[in-house]
Amino acid sequence: NLIDFKNMIKCTTKRSVLDFADYGCYCGSGGSGTPVDDLDRCCKVHDDCYGEAEKVHGCWPKWTLYSYDCSNGQLTCKDNNTKCKDFVCNCDRTAAICFAKAPYDDNNFMINNPRCQ
C-alpha cells in the first residue's frame, strides 16, 4: 500500500517521499509522455507494475497491505500469503531499490507539464 511504499522509499533512499511526489513525468499521480531520466523511468515501471496488479491479478495495489523487512537499506518482502500481497510488495520493493540507484536531479522536480506530452 502507499504507506508501506513510502516507508520502503525512506528505507532505501533516506529521502522524504515528498521529494518523489511531483518528480519528472511519472513520479506522483498519473503519468504521460517520455520519462525524463532514470528516476522517472523507475516511476513509470512502478506505475506499469501497479497497472498489471490491477488488470491481470485483480488487486488494489494502493490499498493492499503486505509484510516486509527493512534492514540497513535492504528490503525483503516477507511471506505474504496471497498473490496480490506478494505482487504489490515486489512492485514497491523494486521501485524503492530503483529510486536508491537513480540520481536525483532537482531540475526534474515539479517540471513543466508540457515536457510530458
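Cβ atoms are placed via backbone N, Cα and C, with glycine included.
So that you can see what the record holds, here are the features copied from Swiss-Prot:
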{"type": "DISULFID", "residues": "C11-C70", "note": "disulfide bond"}
{"type": "DISULFID", "residues": "C25-C116", "note": "disulfide bond"}
{"type": "BINDING", "residues": "Y26, G28, G30, D47", "note": "Ca(2+) binding site"}
{"type": "DISULFID", "residues": "C27-C43", "note": "disulfide bond"}
{"type": "DISULFID", "residues": "C42-C98", "note": "disulfide bond"}
{"type": "ACT_SITE", "residues": "H46", "note": "active site"}
{"type": "DISULFID", "residues": "C49-C91", "note": "disulfide bond"}
{"type": "DISULFID", "residues": "C59-C84", "note": "disulfide bond"}
{"type": "DISULFID", "residues": "C77-C89", "note": "disulfide bond"}
{"type": "CARBOHYD", "residues": "N80", "note": "N-linked glycosylation site"}
{"type": "ACT_SITE", "residues": "D92", "note": "active site"}
Tell me the Cβ contacts of Y26 (Ca(2+) binding site) under 8 Å, same chain only and six or more apart in sequence, or just say none. P35, D40, R41, C43, K44, H46, D47
What DSSP gives for C70 (disulfide bond), in three states, is strand
Cα separation, C70 (disulfide bond) to C42 (disulfide bond) (Å, whole number): 20
With Cβ-Cβ distance below 8 Å and at least 6 positions apart along the chain, what are the contacts of C84 (disulfide bond)? List them in sequence order. A53, H57, G58, C59, W60, P61, T64
Spatial neighbour of C49 (disulfide bond) that is closest, considering only the recorded positions G28, G30, D92 and their CA atoms: D92
Quick note, C116 (disulfide bond) and G30 (Ca(2+) binding site): C-alpha atoms separated, nearest Å, by 11
